[in-house]
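Structure first, commentary second.
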Amino acid sequence: MSIARRTTLSKFLIEQQRETNNLPADLRLLIEVVARACKAISYNVSKGALGEALGTAGSENVQGEVQKKLDILSNEILLDANEWGGNLAAMASEEMETFFPIPANYPRGEYLLVFDPLDGSSNIDVNVSIGTIFSVLRCPDGKQATEESFLQPGTQQVAAGYAVYGPQTVFVLTTGNGVNCFTLDREVGSWVLTQSNMQIPADTREYAINASNARHWYDPVKRYVDELNAGKDGPRGDNFNMRWIASMVADVHRILNRGGIFMYPADKRTPDRPGKLRLMYEANPMSFIVEQAGGAATTGTQRIMEVQPTGLHQRVPVFLGSKNEVERVTGYHDEAK
């Protein structure tokens, strides 16, 4: 691809704005700011030990998880990049207990930004792919946000995306009109369109789940995974391979490219906690992307994007990816009711 013929993220968004007329200018600018922040995060991640940002920060987030130094730095990068642009009413993050209203000395906009600044951060110190996940909603109260303003089902998202910081840095985006992938050209500092209208195959031979938790799974998940593991001699009559990176962005990106099902179910260890992944800034944006790519995403009993949130840090079980596999495991949950 010659440099002259490359489609950058900025050009792509402007063309979308012109052609479909459903991408408001403020939303386009917001996406570009988030993408620039992801470039900055990528730079800090790539420095590794040379940047003195590895290791823990000696603090915990609202989830009770030990924060890595890069968790905090990535959160600050996203806040600093987005607070002054005039496109947002407020932001919310995995790393903050409450939402972050745009300071009064900056102009406010009509959008809400929700993000996991560094997903898979347990992999930071061992140099495994990690990433950033984000979701954009409209503020129902205009430009004056409250916590309740954020509590919208995923069907109300106007944009969602993620960045993966791996061998290449990629930025995957949907605005409700398909899924596209951009790769960071570090030499010129721009995001270049490298995959258009991504589609997840309906059938798959790969699945992603943390099998070390198998003894804690509920029966529908046990049944489904046991069938996969039985291979050609089992009821599925085919061999399946398990893949698990322990980084949602990396696992989902693989599925987006070659099919598969990602599962993070609820289990018996914490019956009062429905799953581990957070609805607002992990499950919803990934579900939006997966559905736009022809896949499916459920909690096992309900379409994820139809779940009505009750809190910023609400957790849900997650089954997403190739449509036929998600429908199968969801059907097993229905049968078990």
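Cβ atoms are placed via backbone N, Cα and C, with glycine included.
Because the structure is a prediction, the values reported are computed rather than measured.
The Mg(2+) 1 binding site feature in Swiss-Prot is assigned to E94, D116, L118. Per Swiss-Prot, Mg(2+) 2 binding site is recorded for D116, D119, E282. Annotation comment: Swiss-Prot describes D119, G120, S121, S122, N210, K276 as substrate binding site, evidence class sequence analysis.
A map of Swiss-Prot features onto the structure.
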residue	record	CB count, 10 Å
E94	Mg(2+) 1 binding site	25
D116	Mg(2+) 1 binding site	29
L118	Mg(2+) 1 binding site	31
D119	Mg(2+) 2 binding site	28
G120	substrate binding site	21
S121	substrate binding site	23
S122	substrate binding site	13
N210	substrate binding site	14
K276	substrate binding site	18
E282	Mg(2+) 2 binding site	26
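When secondary structure is read from DSSP and collapsed to three states, D116 (Mg(2+) 1 binding site) falls in the strand class. When the CA atoms are compared, the binding-site residues lying within 10 A of E94 (Mg(2+) 1 binding site) are E282, out of the candidates G120, N210, K276, E282.
For the recorded site, E282 (Mg(2+) 2 binding site), the DSSP three-state label reads helix. The separation of G120 (substrate binding site) from E282 (Mg(2+) 2 binding site), Cα to Cα, is 11 Å.
N210 (substrate binding site) sits 16 Å from D119 (Mg(2+) 2 binding site), taking the CA atoms of both as reference points. Each residue in D71, S74, N75, S93, E95, F115, P117, D119, S121, T132, I133, Y281, E282 lies on the same chain as E94, D116, L118 and has a C-beta within 8 Å of the C-beta centroid of that Mg(2+) 1 site, without being one of the site residues. Secondary structure from DSSP puts S121 (substrate binding site) in a helix. Rounded to the nearest whole angstrom, the C-alpha distance between K276 (substrate binding site) and D119 (Mg(2+) 2 binding site) is 13. If you measure from the Cα atom of S122 (substrate binding site) to that of D116 (Mg(2+) 1 binding site), you get 14 Å.
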